[in-house]
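Structure, as structure tokens:
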Amino acid sequence: MSNEATLHGQQEVMHGAHAHDHGHGHDDHEHHEGGFISKYVFSFDHKTIAKQFLITGIIWAIIGAFFSVLFRLQLGFPDATFPWMESILGHWAKGGRITDEAYYALVTMHGTILVFFVLTAGLSGTFSNLLIPLQVGARDMASPFMNMLSYWFFFLASVVMMSSLFVQTGPASGGWTSYPPLSALGDASIGSKIGMDLWLSAMALFVVSQLLGGLNYISTILNMRTKGMTMTKMPLTVWGFFFTAVLGVLSFPVLLSGFILLLFDRHGGTSFYLSELFVNGKALSNEGGSAILYQHLFWFLGHPEVYIIILPAMGMVSEVMAVNSRKPIFGYLAMVGSMFAIVILAFLVWAHHMFVTGLNPFLGAFFVLLTLLIAVPSAIKVFNWITTIWRGNIRFTPGMLFSIGFVSTFISGGLTGIWLGNSSIDIHLHDTYFVIAHFHIVMGVSAFFGTFAGVYHWFPKMFGRYMNNTLSYIHFWITLIGAYLIFWPMHYEGLVGMPRRYYDYSTWESFKQFADLNHFISIVVILVFATQLLFVFNFFYSIFKGRKLTTQNPWNATTLEWTTPINPGHGNWPGEIPEVHRWAYDYSKDGHDFIPQTTPLSPEEQANGGH
Amino acid sequence: MSGYLAVLVVVLIFVVIFQIAKASEYVSILKGEKKSRQQSNKVNGFLMIVFLVVGLIGVYYCNELLKGKIGVESASVQGEGIDSMIKWTLVITGIVFVITQILLFWFAFKYQEKEGQKAFYFPHNNKLELIWTVIPAITLTILVAFGLRHWFRLTSDAPKDAMIVEVTGKQFNWLVRYPGKDGQLGRKFFKNINEANNPLGQDWDDQLNKDDFMATEIHLVVNKPVKFIIGSRDVIHDVGLSAFRMKMDAVPGIPTTLWVTPKFTTKEMKEKTDNPDYVYELSCDQMCGKGHYSMKANIVVETQEEFDAWAAKQKAQFDVAHESATPAPAAAPAADSTQKAVAKN
């Protein structure tokens with residue numbers, strides 16, 4: 001049957017020009033189930049795959065965020081007991097207080113889930129899939145089949161990762177970075193037993209998914225642009241997805257190699273990362289390995305990873321800001337150029353995560369220089385966004401609000417990067433709450449704001465309906481205020497040197513003065529979490545009951561996705577794919593509110609050389 | 001019971017918010033899309049400026065509230081450099097933060113959609129873009145230059161007369177060894193490790209090991225540079241000296257070093273912090289397993305005389321290990337705080 005579904009799907013790709021409903025309308029009786037499966041489950045349609053990524057991502061986000069609520073309860077209320085916790089976590093929360101082992105497992109899974117499963121797969125998986133074909137003018141991805149595999153490998157990775165939550169010894173608990181020897185030795189930590197193997201397997205499947213997706217995004221953007229869509233006419237969203245995919249394709253394999261060596265060390269008796277160890281009363285036979293090698297391999301992905309997370313958000317925010325300011329994005333080429341600079345530099349800064357590993361100080365100096373260089377393209381982007389809204393005519397749609405929030409948090413979190421990138425300051429702040437504050441604001445909150453901007457802005461394209469505005473406004477303001485209340489004070493904890501990943505601070509004379517603050521932060525975390533549930537509710541409710549779209553182009557935007565029907569079938573455009581004549585940012589030009597990309601240049605514009 | 005009640009209250013709040021949201025959507029449909037957009041635009045535009053003002057006041061208030069909790073000046077000579085780097089970086093990033101946030105939210109408020117207002121077609125301006133490329137580049141170059149000057153100072157070789165302390169991490173405590181009178185640490189090898197009386201695996205054939213002694217607390221001399229020789233027995237740990245502003249990973253198989261000059265004795269710190277319980281703490285700053293948060297060693301900074309008196313009382317580990325068959329004396333610092341199982345070999 002799956003064969004049939006595959007064939008059926010392929011046929012549809014061939015006859016892409018036909019609306020999908022028509023495609024399976026005539027064999028409705030014989031293949032009804034097959035129709036459902038090929039339409040909603042093993043679908044080749046990039047739009048359906050995007051929705052699959054999004055909904056899987058939302059489910060993971062709820063789980064990952066809920067884990068943070070659990071461990072924030074421990075940090076904010078170290079003396080309290082919560083009997084309901086024992087009911088859901090069993091012996092991991094004996095007496096209603098999570099154990100130290102459970103705490104570390106939750107911290108680890110929170111990081112892994114949010115970095116990889118939500119902000120990588122959920123973010124670029126969703127929007128690269130949805131927007132690349134629609135915005136470059138293609139009927140689908142270069143290889144719809146590979147695209148489908150990309151989602152199902154992600155799904156498989158999700159199943160394996162989820163299953164690790166239910167094994168007797170618990171999931172991985174060595175931090176989302178999983179540094180060996182801790183992650184290599186089951187005797188050193190209970191989370192490094194079977195949970196770690198499942199973690200590594202899930203991550204390997206995840207890498208496969210990322211590569212299948214990334215290669216597709218790149219080849220679609222390079223080869224399948226519609227007539228007239230030169231690279232410099234593409235919306236910045238597509239540039240963002242393109243650079244993201246390039247980063248992923250070049251760096252994920254390195255991560256995988258690091259994981260494979262770790263698997264060998266765990267089960268093959270090799271010593272890539274292990275040397276001179278005495279664990280659990282025994283001297284191990286491993287000699288000559290380097291635990292630091294893993295960190296190089298890990299951060300060679302790990303650093304580009306933060307740009308994999310933030311570049312799609314940057315692209316979407318640029319687009320949403322231009323549309324809702326009714327102005328062209330300021331400095332289009334500078335925006336592309338700065339993203340390109342970020343991509344290049346992303347590969348040259350990984351060791352700034354390793355300033356205190358005993359790294360050669362001379363080598364460290366280069367990483368300081370290159371790291372702080374990234375602030376230059378980042379500054380260009382921020383100033384260009386601010387200039388984009390300057391003298392605009394701004395409509396505060398939910399997407400626009402989250403875009404402004406994105407710029408605000410990107411500034412706040414980006415500036416503390418200048419602190420941490422300077423190795424002399426990093427010595428003191430490394431692995432403290434300052435780091436937590438920095439990266440949660442700049443790649444956690446910002447990337448989420450970018451995602452929310454994308455969801456609110458393109459929801460009408462995905463489902464042909466609007467989300468509820470009032471709920472969106474409540475969602476935005478509470479999240480923005482809450483994010484600052486949670487993470488801003490953490491900088492102060494970091495300045496004292498308060499280490500991250502501590503289960504309890506009460507015995508530390510140097511750090512226990514923040515008990516009240518931790519209490520406060522945890523309460524805000526619960527409120528913000530509840531507000532996100534409001535978003536989730538709004539999302540699912542609006543899919544079925546939201547206000548229906550009556551126009552193809554609800555935001556009066558110039559880009560190609562709004563030239564498709566309200567509910568486009570597989571193939572996106574019922575007729576010919578439109579031809580593109582101009583860039584994506586002709587807003588408020590020559591007395592027109594907006595000029596779609598499909599409008600040919602006027603004689604005057606041609607005389608001026610056009611855009 | 002109260003748990004169910006709390007859930008019920010939350011659900012009720014959700015339902016109320018949802019009903020209001022639904023009602024407002026109907027109202028907006030009745031009013032027409034344009035009118036309702038204008039209204040919500042006004043509200044959100046106003047909230048933008050409110051957020052800016054309240055936010056900036058909040059930043060100030062947060063500082064007032066917490067500045068008393070971030071402790072006193074650096075307790076080491078080297079940390080002064082880090083503190084001054086932090087200060088200057090704070091000034092520069094602080095100015096940029098305030099300016100950009102004001103511009104962002106002020107523009108959002110000022111240029112909200114209005115009847116008759118036209119957006120300004122302004123696709124690019126090379127001069128502006130050049131300005132905000134060059135100015136950040138210059139500022140960052142300055143920060144890099146100063147940062148690296150401190151970095152090379154901090155990571156330079158320790159002075160020849162620095163005292164030596166070896167710190168070895170293990171799950172979940174720190175093993176501290178002093179070189180004794182000869183000033184040199186003896187050889188060690190991980191296969192010699194014996195939990196009962198040789199937790200570091202010292203090689204007893206090495207003469208240099210004869211006077212090395214182990215301690216449960218780290219004792220340092222005020223104003224005298226100290227070089228830490230850092231290692232780990234099992235997983236990666238990190239020697240975190242927050243009061244001294246210093247930090248270095250403890251990596252199994254790869255020894256690392258760090259040197260620092262304490263400025264104040266523990267007694268002086270008690271007065272400075274106005275806290276009679278003040279104690280210098282060495283924290284583990286690299287995730288190392290379930291006991292990570294409890295991996296602490298106390299540090300005592302004292303005068304040379306006090307230190308000499310303390311050192312004279314310590315017993316060499318060689319003697320501890322070679323005492324008659326009687327059980328290991330209480331002075332042995334190897335007692336593991338969490339793992340009850342001790343090696344039988």
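The chain as shown is numbered from 1 upward.
Glycine residues also receive a Cβ, built from the backbone N, Cα and C atoms like all the rest.
According to TrEMBL:
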- B:6-23: transmembrane segment (TRANSMEM)
- B:43-61: transmembrane segment (TRANSMEM)
- B:63-158: domain 'Cytochrome oxidase subunit II transmembrane region profile' (DOMAIN)
- B:88-109: transmembrane segment (TRANSMEM)
- B:130-152: transmembrane segment (TRANSMEM)
- B:160-313: domain 'Cytochrome oxidase subunit II copper A binding' (DOMAIN)
- B:321-345: region 'Disordered' (REGION)
- B:325-335: compositional bias 'Low complexity' (COMPBIAS)
- B:336-345: compositional bias 'Polar residues' (COMPBIAS)
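Sequence-distant neighbours of the transmembrane segment (B:88-109) (same chain, 6+ residues past either end, Cβ-Cβ under 8 Å): 45-46, 48-49, 51-52, 55-56, 139, 143, 146. Beyond the ends of the transmembrane segment (B:130-152), by six or more residues, the same chain brings 81-82, 85, 88-89, 92 to within a C-beta distance below 8 angstroms of the stretch. For the transmembrane segment (B:43-61), the residues of the chain that approach it from at least six positions outside its boundaries are 98, 101-102, 105-106, 108-109, 112, judged by C-beta separation under 8 angstroms.
Residue counts for the domain 'Cytochrome oxidase subunit II transmembrane region profile' (B:63-158) under DSSP (helix as H, G, I; strand as E, B; rest coil) come to 70 helix, 2 strand, 24 coil.
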